[in-house]
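> Pasting in a structure now, in structure tokens, and then I'll have a few things to ask.
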Amino acid sequence: MLRWITAGESHGRALVAVLEGMVAGVEITSTDISEQLARRRLGYGRGARMSFERDAVSVLSGVRHGLTLGGPIAVEIGNTEWPKWETVMATDPVDPAQLADSARNAPLTRPRPGHADYAGMLKYGFDDARPVLERASARETAARVAAGTIARSFLRQALGVEVLSHVIAIGPSAPYEGPPPGPGDLPAIDASPVRAYDEAAEQAMIAEIEAAKKDGDTLGGVVEVVALGLPVGLGSFTSGDNRLDGQLAAAVMGIQAIKGVEIGDGFATARRRGSQAHDEMYPGPDGVVRSTNRAGGLEGGMTNGQPLRVRAAMKPISTVPRALATVDMATGDEAVAIHQRSDVCAVPAAGVVVEAMVALVLARAALQKFGGDSLAETRRNIDAYRRAVAEREAPAARGTA
């Protein structure tokens with residue numbers, strides 16, 4: 001079973017990702033992880049932190065000479081601002097006099113609407129939102145991207161699967177509804193200021209961000225992740241927790257600020273008749289083919305051989321420059337919410353994080369299906385399965401003769 005967990009706070013010494021259950025022999029380097037983390041910092045509308053934040057990656061265990069060893073993989077991402085926060089975020093007790101002299105340690109008692117501040121303070125008994133926001137911060141997603149980088153390397157090397165994303169819409173801009181991009185389009189997408197696949201959509205998104213920035217506001221949006229090259233049969237119909245669509249939705253909804261997930265055409269299919277909602281099948285030269293992909297590559301909780309399409313809706317960032325009304329938890333008085341350094345829009349970066357979570361779930365499903373202790377063994381199992389599937393589809397291929 002592939003498992004992952006992260007640790008660390010936004011302004012702590014470092015973030016840590018631990019990935020357990022990865023097979024031996026997968027090629028991965030700290031440079032690969034750094035490149036994906038750099039993609040996470042992309043995007044028009046990011047805040048000042050992105051201009052000086054550098055992700056200092058150290059692979060602590062589970063990899064030797066660029067190959068995974070089969071044991072738990074630990075990745076550390078150092079915080080380059082740690083010297084500024086060393087006293088405030090120290091793990092050992094600190095002299096109260098030192099803390100009293102630090103402006104960074106001022107109590108944060110005015111929770112931000114839409115953030116974890118309020119519920120977290122009440123649930124854990126904190127008088128200050130600092131312990132909540134430090135862990136709830138989207139900075140934690142850097143560790144998820146690190147783990148996801150290893151998963152996507154496994155998917156590429158074991159199955160030839162590619163995972164990519166693009167931004168569909170930002171704020172009220174009209175959503176892009178054209179054909180999804182392919183792996184060859186990813187450099188151009190990453191070169192786009194908003195990681196858009198369509199140039200006209202890109203300009204509309206930039207205009208929305210500029211307007212929100214001028215008004216002291218923030219924006220959300222929608223990203224789409226596409227996974228290409230998946231075999232038929234990852235996931236299962238046998239029980240709800242084995243359904244791949246449920247696993248994907250849970251993983252993506254677990255990302256900070258994500259408020260909605262759909263697979264394929266998702267909610268649009270609810271407004272269609274059945275004859276216009278499903279993907280009809282026909283005999284093809286290599287087996288069954290389809291002319292549409294409304295299901296987004298999943299039927300009955302299993303991959304069906306079509307490209308996987310997952311969309312995620314991100315809410316506007318909770319730290320609004322114009323400051324929203326709240327209650328000071330120390331006094332009970334009306335107040336304006338605390339303001340932490342933040343972005344106007346982080347939707348382009350969210351696409352990279354959703355890629356990582358989709359890759360992790362797909363890698364787990366592939367290892368559950370094909371097993372193996374080494375990449376070579378997993379590949380042998382995959383090859384045997386694909387041959388068996390091709391034999392089962394042979395009658396459909398003969399139907400086109």
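Glycine too: its Cβ is placed from the backbone N, Cα and C atoms.
Not measured: the values here are computed from a predicted model.
The NADP(+) binding site feature in Swiss-Prot is assigned to ARG40, ARG46; the stated evidence is sequence analysis. What Swiss-Prot lists as FMN binding site is ARG135, ALA136, SER137, GLN256, ALA257, GLY300, LYS315, PRO316, ILE317, SER318, THR319, ARG341, and the listing cites sequence analysis.
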> What is the total of other Cβ atoms whose distance to the Cβ of ARG135 (FMN binding site) is within 10 Å?
16
> Does anything in the same chain, at least 6 positions from ILE317 (FMN binding site), have a Cβ under 8 Å from its Cβ, and if so what?
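When sequence neighbours closer than 6 are ignored, ILE317 (FMN binding site) has THR218, LEU219, GLY220, ALA257, SER342, ASP343, VAL344, CYS345, ALA346 within Cβ distance under 8 Å.
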> For the binding-site residues listed here (ARG40, LYS315), tell me which residue's CB has the most neighbouring CB atoms inside 10 Å.
ARG40
> Which whole-number value in Å describes the distance between the Cα atoms of THR319 (FMN binding site) and ARG40 (NADP(+) binding site)?
19
> How many Å separate the Cα atoms of LYS315 (FMN binding site) and ARG40 (NADP(+) binding site)?
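Their Cα atoms are separated by 17 Å.
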> Cβ-Cβ under 8 Å from SER137 (FMN binding site), same chain, 6 or more residues apart: which ones?
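Listed in sequence order: GLU9, SER10, GLN256.
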> Including all protein chains displayed, how many Cβ atoms other than that of ALA257 (FMN binding site) lie within 10 Å of its Cβ?
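Its Cβ has 20 other Cβ atoms within 10 Å.
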